[in-house]
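Peer 1: Before I ask anything, let me first share the structure, which is written out below as structure tokens.
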Amino acid sequence: MKIKEAEFVISAVKGEQYPEDNLPEVALVGRSNVGKSSLINKLCNRRHLARTSSTPGKTQTLNFYRINQAAYIVDLPGYGYASVSKTQRASWGPMMEHYLKKRLQLRGVIQLVDIRHPPTKDDIAMREWLNHFKIGAAVIATKADKINRGRYAKHVKQIRQDLAIPKEIPIIVFSAETGHGKEDVLDLLDYFWNGIQPEEEREIL
């Protein structure tokens with residue numbers, strides 16, 4: 001799949017603000033500063049489509065990006081950053097839960113984790129929450145350019161073990177800097193949105 005057109009549509013905090021064009025959606029979840037915005041920008045070949053920030057917890061809304069006029073990527077607020085106020089965190093929880101449990105257009109969830117480190121308690125809690133509500137979620141291990149390629153398999157094994165991810169669920173190694181794993185992620189989105197399997201086997205650990 002190729003992304004030929006991408007546009008930011010809306011930042012939403014409640015269901016009435018969500019797009020009403022009934023297009024399929026894939027949600028991105030992950031710890032603050034794990035690289036969700038950088039992932040979106042790399043996939044869309046746009047530097048500033050999704051705003052990146054050096055300040056964790058900057059994303060406080062559900063941000064909808066329309067892709068090829070046919071589907072959405074939805075960037076959810078990052079979790080697990082202590083400096084964000086308790087009031088803000090308390091408001092994010094119900095907002096994210098309502099979207100993930102109730103949104104009929106949601107076709108899949110992608111959880112992003114930092115490949116450099118073992119999953120955090122927040123990563124594990126999110127995974128357990130998704131499993132509890134039977135929400136299928138793939139995993140992308142970000143910031144792959146920060147470690148030696150020879151260490152990918154070891155780090156992915158740790159992620160799979162800590163998050164209790166079955167072998168049939170892919171973990172894609174990705175770098176927004178080099179583009180490593182980009183085609184794998186595009187294939188995954190195509191599968192979630194359209195049910196289309198990749199034409200060729202790719203490096204998914």
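Count begins at 1; order follows the chain as displayed.
Each Cβ is built from the backbone N, Cα and C atoms, and glycine gets one as well.
From Swiss-Prot, here are the annotated features:
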type	residues	note
DOMAIN	22-195	domain 'EngB-type G'
BINDING	30-37, 57-61, 75-78, 142-145, 174-176	GTP binding site
BINDING	SER37, THR59	Mg(2+) binding site
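Burial and contacts for the listed features, if you can.
Peer 2: SER37 (Mg(2+) binding site): 22 other CB atoms within 10 A of its CB, across all protein chains.
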Peer 1: Just how many other Cβ atoms lie inside 10 Å of the Cβ on THR61 (GTP binding site)?
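Peer 2: Around THR61 (GTP binding site), other Cβ atoms within 10 Å: 16.
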Peer 1: If one measures from the C-alpha of PRO77 (GTP binding site) to the C-alpha of SER37 (Mg(2+) binding site), what distance in angstrom results, rounded to a whole number?
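Peer 2: If we compare the Cα positions of PRO77 (GTP binding site) and SER37 (Mg(2+) binding site), the gap is 11 Å.
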Peer 1: Reported as an integer number of Å, what is the Cα distance between GLY30 (GTP binding site) and SER37 (Mg(2+) binding site)?
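Peer 2: Approximately 11 Å lies between the Cα of GLY30 (GTP binding site) and that of SER37 (Mg(2+) binding site).
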Peer 1: LYS143 (GTP binding site) has how many other Cβ neighbours within 10 Å of its own Cβ?
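Peer 2: Excluding its own Cβ, LYS143 (GTP binding site) sees 21 Cβ atoms within 10 Å.
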